[in-house]
Amino acid sequence: MVNPVLVFDQVSLRYNGAPLLENINFTISPGEHICLLGKSGVGKTSLLNCITNTKTISKGTIYFNGIASNNKDYKQLKKQFSFLDQVPNLIDTDFVYDAIWREAKNNLKWWQRLFLVEPQSLREQIIQILEEVNLKEYVTYIIKDLSGGQKQRVEVAKLFFANSQVLLVDEPTTGLDLINAHKIMELIIQFARQKAMTLIFVTHDVEFALKYSDRIIALKNKALVLDQATNKLTKQKLMQIYHD
């Protein structure tokens, strides 16, 4: 039996006395593609922040690879999580190539950073990745001159150099037209498969949930109301969580 990568055991989160999450329980296995589904404000982003320990839970325990969230070693596990936000976190004055190079350099081991200036092999790898995300012709463009969809592609390209085990994605298609939204999600799925990563992505879009996940965990009124394999679900059933 495969050991779970992530376990939520009776997890609750409060802020200034107000509940953000209530008694959340689930288990995620390595390599699963999980969708967190629900309306805005139900606690989806808060749940991601609990995983990374950005928010401290009020009750219960989170386990990552068997290490409990109240264990001091849990805070040292942040490098095991890559995070893709709905707003690209890029420097406007960077060239596209430099944004990728900086991420690649940051993920090199210390001895590689010490002795590596900018090896041809890494340069070629960056160009190859930019080609995979359809940005090769934008390599010398400045970030501020890119569209929203192109900026998200740069963020996805940066992920190829991450050494993490879990990819957390928070509404990555916000503000994008439908065609570009699907392209971004397809790139994210492609990346997660290539790196054999566990993927947890947040969306309020039922069709995206059905298309891109193995399993859907739905939140409503701060509580978990559904946890089921995607191939057992229908659009009609999922739409019920949006009705009071």
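Even glycines carry a Cβ here, placed using N, Cα and C.
Database features (Swiss-Prot):
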- G38, K39, S40, G41, V42, G43, K44, T45: ATP binding site (BINDING)
- 6-241: domain 'ABC transporter' (DOMAIN)
Ranked by how many other Cβ atoms lie within 10 Å of their Cβ, the binding-site residues G38, G41, G43 are led by G38
Should one count Cβ atoms within 10 Å of each candidate's Cβ, the binding-site residues S40, T45 would be headed by T45
With the fewest other Cβ atoms within 10 Å, the residue among the binding-site residues K39, V42, K44 is K39
T45 (ATP binding site) falls, by DSSP collapsed to helix, strand or coil, into helix
G38 (ATP binding site), DSSP three-state class -> coil
Taking the centre of the Cβ atoms of G38, K39, S40, G41, V42, G43, K44, T45 as the ATP site, the remaining residues of that chain with Cβ inside 8 Å are H204, L219
On the domain 'ABC transporter' (6-241), the mean of the pLDDT values is 90
